[in-house]
Structures are given as C-alpha cells and as structure tokens.
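Q: Below, the features straight out of TrEMBL:
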DOMAIN    12-94  domain 'Shikimate dehydrogenase substrate binding N-terminal'
BINDING   Thr20, Met21, Ser22, Thr67, Asn92, Asp107, Tyr218, Gln246  shikimate binding site
ACT_SITE  Lys71  active site, proton acceptor
BINDING   Asp83, Gly129, Ala130, Gly131, Gly132, Ala133, Asn153, Arg154, Thr155, Gln156, Ser157, Lys158, Leu216, Gly239  NADP(+) binding site
DOMAIN    121-188  domain 'Quinate/shikimate 5-dehydrogenase/glutamyl-tRNA reductase'
DOMAIN    239-269  domain 'SDH C-terminal'
Amino acid sequence: MNVFQPDKLFGIIGHPLGHTMSPLLHNWGFAQQNIRAVYMAWPTQPESIENFMHTFRTLPVSGASVTIPHKISVMDYIDKLTDRAKAIGAVNTLYWRNDQVIGDNTDTAGVSEPLRPHCAQVKKALLIGAGGASRAAIVGLQSLQIEEIHITNRTQSKAGDLAEEFNVSTVDWDNRGDQHYDLIVNSTSLGMSGKLEKINPMILDNQDANTIVYDLVYNPLETVLLREAAARKCKTIHGIEMFLHQGLAQFKIWTGYDLDETAARKLLLSRL
Ligand code: ATR
C-alpha cells in the first residue's frame, strides 16, 4: 500500500474551525505545485494556545494560519513580528526564518489586492467598522496610497481612536451616507445574518456607478449590502476575495510560489 508521506506540515489554529476553507485552498495549492506537504485543521481552545505554540516549536511544523480567537494572544509566543503585523496588532500567519518563529498578517493583502486594479480611480474611501478586522483594512487601504480614508462606526469613540492611531478621519455614524465615496469597505460582521439593514439604507444613498463596494464578509457570498450596491450600479467585490488573497499571500510566504488566482477562486466558489 502506498502511504503519502509529506515532507512538510502546515495547519490552521482557531476555534471553532468547522467552516474553514483554508485546508481546501492550501492542500490544492500543494498539489498544484507538486509540494509534498499537508495542511490540517487544528481546533484550539483559547486556553490551549501556549500548549499549541510549544508543540509548534517542538514538532516539525513549517507554518500555520491563525484565526479567531488567537490572532492577538499568539503574539506572546512568537520571536518576531513583521511591520504589518505590528501595525495591525494581530497575527494570521506563522512561519520559521533562521530558527525564529515569525508572526505576519496577510489580511492586509486580502483587502488591498482585490482593489489594486482599481486604485487609480479611488481617491476617497469610507471604512465601516472599527473592530479587529478594521485595523487590517486600514493598513491595507493605506498601502494603496488612497488619499482620503474616513472611518465610520456605531461607537464613535472607537472610530476616533482608530482614526487617531492611523492618521485618518472619521465620519459620524448618523452622517455615514451623506457623501459620495469612490470606495466603501464594510469591515463589520453585519452582512452575516441579514442585520445589514442597520448600516445599509442610507450608506448607499449618494453612491453610483463610480463607487466600489467591498464587503469583507463572505458568508453569505452576496450580502444585502452588495445586492443593494449592485442595484445602484456600484462595482461590487465579494468577501471571498478577502479570504482568497490572504490565503494566496500565506501560500507565497510558505512556499515562494504564486498560485493561479482564477483557478483558486473557482475552487473556493465551488465549495461555498
Ligand atoms: P472583528 O474582530 O470581527 O472586527 P469586533 O472587533 O467585535 O469584530 O468588531 C465588530 C464591528 O462590527 C465593530 O465595528 C462593531 O461596532 P461597535 O464598535 O459599535 O460595536 C460593528 N457592529 C457589530 N454589530 C453592529 C450593529 N448591530 N450595528 C452597527 N455596528 C455593529
């Protein structure tokens, strides 16, 4: 009997992990590139992060993806943070360099890469939300050299704190639909369970075919925000792009290879 013996081991830590598509993407990628590696799901409770990191250092694990609830707590157990992980204050990727465990964050690529082909036309952007995902979104938007970035959030003080830290401006939650934007990015979880009416009705009032609307949520694929945006002829970008590009960036860090973006997208869409 032929038994597959991988040379390298990767995986994802988080809890819960039931819905993750990361094993699908990375195992497909290894097969595409003829890399003898395997990527597993390692459900890890919050209190087990220290044990996990001990295991990571002891067993021959080459790298890992990190998701909720460990993106911040894992930083206590690594040797070095990349600049972007430092700026975001969270880690989603672990890898080894010169016997050191490095913590990086490719969520910025998940925000910036789908927008890069359009960024020449984006001068003024509105970011909805001021939580953990919003920090990666700001760093991603700033990497595109967008001139004006505004943040709006239900809790104004959190928008204010973030705006001060990243040197961008705020828009009052009540006035969030008053201006035209070239780009609107939703970094709240409001699209996930039909709660979008809370942000939706007015936010699109002044938007048109010159507005790009990017919802970082991909469950469901077509959120109410994107449906309404499409009805107003805005250009829409699905949250699956966020997942895809953060994953492609991880794969590149671990292997040095660029995967076929179109084929990877097709694979993910076929499983949603
Ligand atoms: P994550 O790490 O996924 O970003 P988070 O840090 O809890 O999660 O942030 C959730 C974001 O969604 C916040 O911007 C939150 O707004 P508040 O800061 O006012 O809580 C936003 N959010 C969640 N539920 C909301 C709702 N019902 N209406 C408006 N904003 C909401």
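Cβ coordinates come from backbone N, Cα and C, glycine included.
Remember, TrEMBL labels are computer predictions, not curated facts.
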Q: So which other residues, same chain and not among Thr20, Met21, Ser22, Thr67, Asn92, Asp107, Tyr218, Gln246, have a Cβ within 8 Å of the centroid of the Cβ atoms at the shikimate site?
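A: Neighbours within 8 Å of the Cβ centroid, excluding Thr20, Met21, Ser22, Thr67, Asn92, Asp107, Tyr218, Gln246: Ile12, Ser65, Phe243, Gly247.
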Q: Just how many other Cβ atoms lie inside 10 Å of the Cβ on Ser22 (shikimate binding site)?
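A: So the number of other Cβ atoms within 10 Å of Ser22 (shikimate binding site) is 22.
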Q: Using Cα coordinates, what distance in whole Å links Ser22 (shikimate binding site) and Gly132 (NADP(+) binding site)?
A: 20
Q: Scan Thr67, Asn92, Tyr218 for binding-site residues whose C-beta lands under 6 Å from an atom of ligand 1 and note them, or write none.
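A: Passing the 6 Å Cβ check against ligand 1: none.
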Q: If we skip the immediate neighbours and take only residues 6+ beyond the ends of the domain 'SDH C-terminal' (239-269), which ones have a Cβ under 8 Å from one of its Cβ atoms?
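A: Here the qualifying positions are 10, 21-22, 24-26, 28-30, 32-33, 35, 37, 62-63, 65, 92-93, 95, 104, 106-107, 109-114, 191, 214-219, 221, 223.
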Q: How far apart, in angstrom, are the most distant Cα atoms among the shikimate-binding residues Thr20, Met21, Ser22, Thr67, Asn92, Asp107, Tyr218, Gln246?
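A: Pairwise Cα check on Thr20, Met21, Ser22, Thr67, Asn92, Asp107, Tyr218, Gln246 gives a maximum of 18 Å.
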